[in-house]
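Listed features, source Swiss-Prot:
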BINDING   R32, G244, D245, T277  substrate binding site
BINDING   N34, F35, S36, H37, R73, K156  ATP binding site
BINDING   N34, S36, D66, T67  K(+) binding site
BINDING   E221, D245  Mg(2+) binding site
SITE      K219  site 'Transition state stabilizer'
Amino acid sequence: MRKTKIVCTIGPASESEEMIEKLINAGMNVARLNFSHGSHEEHKGRIDTIRKVAKRLDKIVAILLDTKGPEIRTHNMKDGIIELERGNEVIVSMNEVEGTPEKFSVTYENLINDVQVGSYILLDDGLIELQVKDIDHAKKEVKCDILNSGELKNKKGVNLPGVRVSLPGITEKDAEDIRFGIKENVDFIAASFVRRPSDVLEIREILEEQKANISVFPKIENQEGIDNIAEILEVSDGLMVARGDMGVEIPPEKVPMVQKDLIRQCNKLGKPVITATQMLDSMQRNPRATRAEASDVANAIYDGTDAVMLSGETAAGLYPEEAVKTMRNIAVSAEAAQDYKKLLSDRTKLVETSLVNAIGISVAHTALNLNVKAIVAATESGSTARTISKYRPHSDIIAVTPSEETARQCSIVWGVQPVVKKGRKSTDALLNNAVATAVETGRVTNGDLIIITAGVPTGETGTTNMMKIHLVGDEIANGQGIGRGSVVGTTLVAETVKDLEGKDLSDKVIVTNSIDETFVPYVEKALGLITEENGITSPSAIVGLEKGIPTVVGVEKAVKNISNNMLVTIDAAQGKIFEGYANVL
C-alpha cells in the first residue's frame, strides 16, 4: 500500500467526471480547489462531481479549499502589458493608475509604510526586481530602480522579501469562501500567506461560529511565517510547505533547508504536512518527469512529508493522469527504500513523551519486531491513526471509524487507509468490528498477525490507551500446548496405528485419541501431533517433548471435530489450533 498521500488541484484540465475518475484510480487522495480562480458556482460543480465519482468508485476522497489570501497584486497596465527596462526608474503608486513604463500601482496601500529605502520589490514571481530609491509619503509614491528587464502584465503578484507587512490575516473574499466551504462540508482549508498565529485564529473563529469541524492547514510562504512557525503550528491542524511564493520571498537556495525544518517540526508534533509547488512542473507540457523532479518528490518523502501536491500539472496541464501515476510510482519506490527501523528510532527520539505517544511508540515497535501485517486503529476522531502514523511503521495502518468526516480527514495522513464502519460502543464489539472491517478491505486475511489499537472507554476522542496483538483466523480447537513451537501441516486422523501405515507423514499433523509405543515411529516422522488425552505427563506430551514436535494434548473430541486432509496451524505455545495458515510467533 502506498503510504504517501497525493493532493491534486482540480481545474479546467481535470474537472470532468471522466478525468476525476482517472485521477482517483491513479492515486488521488485529496482534491484541491484553488479559490484564487473561479466562482462559487464553478467550485460547487467540481465538489459535486468529485463526490459523485468517489461514491461510485467506493473511494474516500477529501476536499481541500485553498484560499486566495491577502496577497498584493498590481493594477491593470495600459494595453494590458508594459515593458520595464533595466537601469530605468519606475514609480510604484498607492493610488490606482493605469500602468505605464514610468508608473504603475498596487492593491496594497500600506506598502509605502512597510518598505524603506533599499528594500526590494519583486514582481510576477520574482521575474522583475525593483529596489526602493526614494519614498514620497505626500504623493503616496515609491520611486524604484529597475534591476532587471521584463514585461509586466495586469494583476501580477507583488512580493516584499524580508519585509513585515501589515496585511489582514484573511480578506472578506476569504471569509466568504470559507463560509461557502463550510456549507459544502469541505475537509481542509489551506490558508494562504499565513504570517502569524492570529491569521489562523481568524479562520478558526469563523469555523467555530458555524460549528464546523474543518482542519486548518496554514501555507508558509514568507519569512515572517517561517519565523513564527512554532506558534503557528500550536493553533493549526497541519501545514502546507508552499514553495512557490516562498522561493520568491526568501533566497531559493534556502528553500530546501526551510522545507526540511518545517516538515521536521510537523513530524515532531504529529501534524500532517503537505509539500507543494512545482513538484512535477514539466509534466504540464511533457508526458515524462525530469530526473530532478523525481528526486525532488523522493527527497520530500525522505524528509518526512505526509503528502505531495500537484498544482498546474493536474489543473491545467496536458497530462494530468500521467502526472498522478508518476507521483504514485515515485512515492512507492521511495517508500520501498526507507529503513523503517532507523526511521522508528529517529521518530522515537524526536517526538515528546506522553501517555498517548507511549502507546504509539509501543505499537510501532511491536509492529516492527513481530512483522505484523497491519495495525488496525479503531478511532472516532482520527487521533489514534495520527498517533501511530507519526512513528512511520512499515505495517499498513487501517483506520476504522464510524464517521465519514473523520475518514476523509485521515486521507491526508501518511500510511493511513481510512474505512468507514458503523459499530456498537462496547469494547469487545469495537475490537471485533475493527478486525472484521480490516478483513473486508482485503489488506488482511486469515492467518495474518495484526495489532489493534484504540481508546477505551469507547466514544471518547484523543484517549488512545490500548494495544492488542491479534491473530486473524478461525481457531478450531485448543488444549494444552507442549513446547513453544508452531507448525503448518495437513491433518491425518488416525483412530488406530493402522491408519498411519504406508503413509507419507512428512507434511502431516497426526490427530488421534491417544498414543502408545506403536505410534512413536510414525509420530517422529510427522510435523505435529494433536491428541485427546490429557496431561503434561501423558505419552503424547512426553513423545512430543522428546522428539521436538509441536504438540497439543487434551483437545476435546479432536478425532470427531477435526476433518481429515485439513490445512491447520498448531501454536504449541498457546495450545491453539487454527484452520489454514496462521502467522503465529
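Any Cβ shown, glycine's included, is placed from N, Cα and C.
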Hey, how far is T277 (substrate binding site) from E221 (Mg(2+) binding site), Cα to Cα, in Å?
11
Where the record says R32, G244, D245, T277 bind substrate, what is the longest distance in Å from one Cα to another among those residues?
18
To the nearest whole angstrom, state the Cα distance for the pair K219 (site 'Transition state stabilizer') and H37 (ATP binding site).
17
Hey, how far is H37 (ATP binding site) from G244 (substrate binding site), Cα to Cα, in Å?
17
Taking the Cβ of H37 (ATP binding site) as the centre, how many other Cβ atoms fall within a 10 Å radius?
13
State the Cα to Cα distance, in Å, between N34 (ATP binding site) and D66 (K(+) binding site), rounded to an integer.
5
Quick check for you: of the binding-site residues R32, D66, T67, E221, G244, D245, which have their Cα within 10 Å of the Cα of R73 (ATP binding site)?
none
With a radius of 8 angstroms around the mean position of the C-beta atoms of R32, G244, D245, T277, what other residues of the same chain does the substrate site pick up?
K219, E221, M240, A242, R243, A276, Q278, M309, S311
Return only the integer: C-alpha distance in Å from D245 (substrate binding site) to S36 (ATP binding site).
14
